[in-house]
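Worksheet: one structure, shown below.
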Amino acid sequence: MTYELWILVWAAVLGLIQVGLPPIAAMSRQGYAKWNAGPRDTEFDIGPLAGRLNRAFANFKETFVVFAVLVVALAFAGKSSELSRWGADIYLAARIFYIPLYAFGVVGVRSLVWIASLTGILMCLFGLFI
């Protein structure tokens, strides 16, 4: 298995962790447990922290699919390179740092970290063509 595929596995683990963060953050909201166990026919105010964690996860899902496709393409094409390995590392590291930055409302730096994750994806893309 290529290095990039291992990073993809760890990115998937990060995604699984992110699935659980918003509900954990929302647990402190009065009535959440009852609402969560019910049919969820109405919206529930999960609060700002859980809301930010939800949005961070939505952002992760938007980039993860592209990253996954590129990593699989790199593996099938036998194109693993230093560029693509660095790109995969940068993507995963940026996605890890993005979570607390978004959760705690750190503006500016959060956007730079998002750009870093996009740069990692682009490095993987360029790795297909060298």
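Backbone N, Cα and C atoms are what each Cβ position is placed from, and that goes for glycine too.
Residues or ranges marked as transmembrane segment in TrEMBL: 57-76 (among others).
Here the transmembrane segment (88-105) has long-range neighbours at 3-4, 7-8, 10-11, 14, 18, 21, 25, 48-49, 52-53, 55-56, 59-60, 63, 67, 71, 113-114, 116-117, 119-121, 123-124, meaning same-chain residues at least 6 beyond its ends whose C-beta is under 8 angstroms from one of its own. Per TrEMBL, transmembrane segment is recorded for 88-105 (among others).
According to TrEMBL, the feature transmembrane segment maps to 111-129 (among others). Residues of the same chain lying 6 or more positions beyond the ends of the transmembrane segment (111-129) and with a Cβ under 8 Å from any Cβ of it are 4, 59, 63, 66-67, 70-71, 73-74, 77, 79-81, 83-84, 86-95, 97-98, 101.
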